[in-house]
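> Can you keep this structure in mind? I'll have questions shortly.
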């Protein structure tokens, strides 16, 4: 499995399985001298952690991160930072009945086709449990971006099922279990989740992530365009089936006169491009959206096959999220932070001496 690393100068490599002993990651490229403690990482991990509300999986994992290396006397040393989270609440017996059965909509079938075997306990490496380490690594990037450049990264749920959620108040996001920015829709979300639980079904969601304070000039055309790398990072998150930058697919219905972000002496007059032009940041807010499919881990009976190719009917037992989009919010923030930090370091390495007289807003 060769796809465990993301980034060039800021590099994150994760390891571990859903029901293994632990999850871990190695973070390379962190500059020396940055104050860093486990508490700095724990806040976002707690936001992603399972079992924190009745709307998410009831697997109870404390997700306490340990810094194994790369930090001395409370500051980064410039060497590899090793992070570890122990798994403590595995219930592998929940999966014994599907050892020889491929869950529809999951990676069981494709993992076995590729590797000739699979860890059937909670999906093994294909489980979203792996994303805990992305969030830990992303917290390092978020801290660096905020303290050194004033960059703020925020995410929220902007749609669940057929319920659209307007970004009315960012402060609301941390005050409810849905990461919802629209307090008027909380009752509707609660009603939907209760219905799903009763039916044993699940629902999809849309997550929006925004980075403010990003300087103009980040991105490496042509193959490492900033939007291309953001799309790559967000698409690598479990259950994500689509990514949009700025207006995204809405541009299909727009005229050029509507979509172009006109510029005056006061700055850009709109941000349909989502803060990226020609693969390079424009200095505006970077705005990305991702669509997450409804999880296939449901108790509604469905058809599939076993290893012998025989058709069988199955339900998925275990503890699962009825809407995986809820806990995906801090994961999306982490992946955007990882990409932005990598591109900031790359930009400084080649273009640190570049000066222009063009206005910046």
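Any Cβ shown, glycine's included, is placed from N, Cα and C.
Straight out of Swiss-Prot:
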BINDING   48, 54  NADP(+) binding site
BINDING   125, 126, 127, 238, 239, 278, 293, 294, 295, 296, 297, 319  FMN binding site
> Using the alpha carbons only, what distance in Å do you get between residue 48 (NADP(+) binding site) and residue 239 (FMN binding site) once rounded?
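Given the Cα positions, residue 48 (NADP(+) binding site) is 15 Å from residue 239 (FMN binding site).
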> Could you measure between residue 295 (FMN binding site) and residue 54 (NADP(+) binding site) for me? Cα positions, answer in whole angstrom.
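Their Cα atoms are separated by 17 Å.
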> Tell me, if you would, which residue among 54, 125 (binding-site residues) has the fewest other CB atoms within 10 Å in the structure shown?
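So among 54, 125, the binding-site residues given, the one with the fewest Cβ atoms within 10 Å is 54.
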> How many Å separate the Cα atoms of residue 293 (FMN binding site) and residue 54 (NADP(+) binding site)?
20
> Return the count of C-beta atoms lying within 10 angstroms of the C-beta of residue 127 (FMN binding site), excluding that atom itself.
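The answer is 20.
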> Would you say which of the binding-site residues 48, 293 has the most Cβ atoms within 10 Å of its own Cβ?
48
> Restricting the comparison to the binding-site residues 125, 127, 239, 297, which residue's C-alpha is spatially nearest the C-alpha of residue 54 (NADP(+) binding site)?
297
